[in-house]
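A quick write-up on the structure given underneath.
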Amino acid sequence: MSDTSGDEFASYNTTTPAASKRKASTHSVQASGRTASGSSSSKPSTTAPKKNGNKRKRTNEQIVISLEDEAEAMDEDDVVIVPPPGRAPAKKPAQRAEVAASSKSNPKRKGKARAEPSGPSIANHSVHRSDDTVDAEDIQELEDDQVAEAPAKRVARERSETKPPPKPTASASRQAREHEKLLRELDNLRRRLDTVKTERDKYAKQLEDDFHIRRTEAEELLEQKSAQYEAQLKTQENLISELTTQLAKAKAQGSSGKSQLAEFLIREAADAKQEAVKREVGQWKDLAKQKDELISQKDKDIAALKEEEKLLKTQLAAEIERAKSLANTRQPPSTVVRTHTKPTDDPKNALVIRLYEDSTNLLITSAKIEKSKYLNLDTPVYTCIYTHKALDPDIEGASLNFTLREVWETPEDWDSAVPVSSKDDLLHKVQYNPRDLQNEPPEFVEALDFFREPFVFSRDQLPVFLKTLTEKLNGIADNEEDEQKEEPEVITIDD
């Protein structure tokens with residue numbers, strides 16, 4: 001019967017509304033402490049029976065607190081009150097329960113049983129009572145209460161043993177989240193503090209630099225510009241005031257103002273004319289400077305030409321002396337047919353030409369005049385033969401046929417877009433062109449060197465040309481004489 005009542009008590013879970021948080025939390029902690037320690041549940045408080053022996057039927061209520069209920073009590077501070085069953089338990093099981101309870105509670109005690117301290121009451125407060133002696137009626141009431149209370153204790157103990165360990169409470173997780181949030185806020189505040197410190201140091205450095213630099217370059221430049229603009233503004237204001245005064249005077253004078261205006265216009269024209277004269281004077285000065293430079297260059301050219309003239313005169317005197325020495329020697333008859341130009345009626349001119357040809361060994365066989373492309377100037381063309389006369393009459397002298405053409409050409413740096421206006425702009429040159437080299441021996445042509453190709457030279461270098469040509473042909477003739485001297489003489493012996 002007790003088992004059946006225990007099952008009914010286990011399935012019976014009636015709760016009452018939660019009491020105030022402050023009181024409930026206090027009693028719930030006390031109850032949970034006793035339950036967790038594993039001691040038996042406290043007995044309900046009892047009152048002393050009356051002497052007349054009338055027993056009052058009492059309804060006992062018990063507080064059943066498990067581990068899960070203890071965790072919920074810490075968060076919500078709720079108290080669960082489980083009332084006892086409506087009917088009273090039987091006496092036999094109560095006696096067995098009484099014996100078991102008395103043996104568990106005080107196994108060594110004999111005699112009268114002592115009342116144990118009772119648990120929390122309906123009014124959420126505990127009353128601890130310890131009497132040394134009780135009546136038999138009190139013992140009987142305690143036994144009845146223990147029999148009614150045993151199933152509830154067993155159910156609570158079974159629940160406490162079978163339920164899993166408590167989970168983290170909502171308040172603990174909420175406190176952990178708040179702690180993490182506070183840590184994050186603390187990190188953010190530290191970072192902001194570092195940023196503020198950095199900005200503070202930067203601004204402090206800038207402020208210190210500003211204190212050290214009294215005036216920057218931009219400020220000095222601004223002051224200079226301001227002073228310049230103020231001076232310019234002051235000058236303009238003075239000019240405006242002066243012009244205003246003059247205008248007022250001109251208006252007051254009336255007709256006299258016209259004469260002043262005419263005088264102003266005449267002065268302006270004179271100033272313009274003076275500026276034009278100054279420009280013209282500057283141009284003339286530049287032209288005179290250019291003329292001076294040109295004259296100095298001409299003087300240098302004249303000096304160079306004089307030096308060249310002296311050299312040519314010296315060379316000419318040497319050639320004359322050499323020609324005289326050659327004329328004094330015995331000359332063999334020339335193998336070259338001389339074609340003389342037709343002499344003039346005066347026989348002296350023919351004698352002069354013959355003497356010149358014999359002295360220089362240069363014969364001019366013909367001459368003709370052509371026209372130049374510049375200014376229609378004359379360009380004579382001479383056909384010449386130069387003959388080298390060897391001292392040994394047995395050796396035939398060498399000869400060279402060529403033409404000399406006088407030409408007029410522009411300087412190399414002359415601008416083709418500029419037309420030639422005078423003869424002074426042109427250069428007088430002579431063009432050399434050899435003739436009939438195909439009829440000469442290859443050795444002779446090879447020995448001529450640069451005389452076997454046409455070339456152009458300045459006309460004032462004609463004596464140099466003749467001297468060079470003479471030396472070249474003399475060298476060729478000397479080489480031929482040396483070769484002939486080296487040939488062995490053959491002696492014929494008659495038998």
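We count from 1, first residue shown onward.
Each residue, glycine too, has its Cβ placed from N, Cα and C.
Those TrEMBL annotations? Automatic predictions, nothing curated.
When the ranges 288-322, 323-357 are checked against TrEMBL, the one recorded as coiled coil is 288-322. Long-range contacts of the coiled coil (288-322) within the same chain: residues 460, 463-464, 467, each at least 6 residues beyond the stretch ends and with a Cβ under 8 Å from a Cβ of the stretch. Residue counts for the compositional bias 'Basic and acidic residues' (175-187) under DSSP, helix first, then strand, then coil, are 13 helix, 0 strand, 0 coil.
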